[in-house]
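Straight from TrEMBL, the features:
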TRANSMEM  25-50  transmembrane segment
DOMAIN    41-290  domain 'G-protein coupled receptors family 1 profile'
TRANSMEM  62-82  transmembrane segment
TRANSMEM  102-120  transmembrane segment
TRANSMEM  140-164  transmembrane segment
TRANSMEM  200-221  transmembrane segment
TRANSMEM  242-260  transmembrane segment
TRANSMEM  272-292  transmembrane segment
Amino acid sequence: MGQNNYTSLHGFILLGFSDHPKLEMVLSGVVTLFYFIMWVGNTAIILASLLDSHLHTPMYCFLRNLSFLDLCFTTSIIPQMLVNLWGPDKTISYVGCVTQLYVYMWLGSTECLLLAVMSYDRFTAICKPLHYLVIMNPHVCLKMIITVWSISLAVSVLLCTLTLNLPRCGNNLLDHFLCELPAMIKIACIDTTTVEMSVFALGIVIVLTPLGLILISYGYIAKAVLRIKSKEGQQKAINTCGSHLTVVSIFYGTIIYMYLQPGNSVSKDQGKFLTLFYTIITPSLNPLIYTLRNKDMKNALRKLVRVDCESTKSKRNQKS
């Protein structure tokens with residue numbers, strides 16, 4: 001216990017990419033750029049969908065949640081990562097590491113479940129269009145969102161508490177750029193097979209169950225789209241679902257490759273780059289993916305830019 005107290009007093013050392021000093025300089029620039037893009041893109045989606053009354057629908061309510069989630073998810077990691085990349089100090093306090101561990105797990109789990117809820121929303125809109133607004137009424141949407149965040153919080157508390165209770169025997173070197181579950185389990189000084197199996201089992205539930213529901217939803221959607229006689233109607237349905245399906249493919253593909261493989265089949269550097277991909281690149285791409293083929297969102301963003309330009313002009317006129 002005394003050795004665990006050492007960690008709580010001195011914190012952890014995040015090794016990250018410290019064995020590649022030149023790469024750290026390049027990464028700091030790339031990460032800063034994508035972090036800025038992520039903030040601008042997701043903030044724009046939140047503001048546009050709130051200010052445009054045409055976007056006050058269940059689909060955009062869930063999309064706002066996803067954008068807010070991406071903002072929080074990335075911000076829980078990137079500022080600390082940039083501090084470590086920019087300077088020789090690679091430490092993170094015990095409280096900071098524990099907070100990052102819980103938040104990272106909570107928000108990552110929430111995204112898995114939220115993407116499943118969004119697929120159900122698309123299934124209802126396309127397969128049951130006449131009953132869509134009755135089934136997906138604001139009260140039901142709110143219940144779904146609260147349930148998703150609550151289940152994910154419970155999973156995070158369970159897994160992270162289980163991991164933090166493992167004796168570390170003074171080990172505080174984390175071979176990663178953030179405090180995440182596998183990295184924390186690796187520095188334990190006892191046999192962690194039981195904990196690893198528990199994490200793997202819950203990982204299957206929190207990752208593969210939502211993915212299964214998404215695939216079933218899109219199976220029904222594909223059947224419904226093929227029954228639509230007009231090409232215009234088919235194209236509209238494909239555009240509506242294509243964005244979500246692209247995000248699902250990128251997010252789940254990376255997660256499954258990273259966490260649901262037995263043993264150490266992913267090398268440590270490969271694992272770091274994959275984690276970097278879904279923690280900063282994917283949240284940066286999401287706004288682009290959702291607006292690229294969505295006319296309503298494009299129009300809402302144009303209005304937002306127009307309002308901003310007009311307010312800037314009026315301020316200048318007042319000064320002059």
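Cβ coordinates come from backbone N, Cα and C, glycine included.
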Q: Determine whether the transmembrane segment (25-50) and the transmembrane segment (272-292) share at least three Cβ pairs under 8 Å, counting only pairs 6 or more apart in sequence.
A: yes
Of the listed stretches 102-120, 200-221, 242-260, 272-292, the one with the highest count of C-beta pairs below 8 angstroms to the transmembrane segment (62-82) is 102-120
Same-chain residues at least 6 beyond the ends of the transmembrane segment (242-260) with CB under 8 Å of its CB atoms are 108, 111-112, 115, 118-119, 122, 182, 200, 203-204, 207-208, 211, 214, 218, 266, 271, 274-275, 277-278, 282, 285-286, 289-290, 292-294
Within the same chain, the residues 6 or more beyond the ends of the transmembrane segment (272-292) and with Cβ under 8 Å of it are 16-17, 27, 31, 34-35, 37-38, 41-42, 44-45, 63, 66-67, 70-71, 73-74, 77-78, 176-178, 180, 243-244, 246-247, 250-251, 254-255, 257-258, 266, 298, 301
Long-range Cβ contacts under 8 Å made by the transmembrane segment (102-120), restricted to residues 6 or more beyond its ends, are 59, 62-63, 65-66, 69-70, 72-73, 76-77, 144-145, 148-149, 151-153, 155-157, 159-160, 178-181, 206-207, 210-211, 213-214, 217-218, 244, 247-248, 251-252, 255
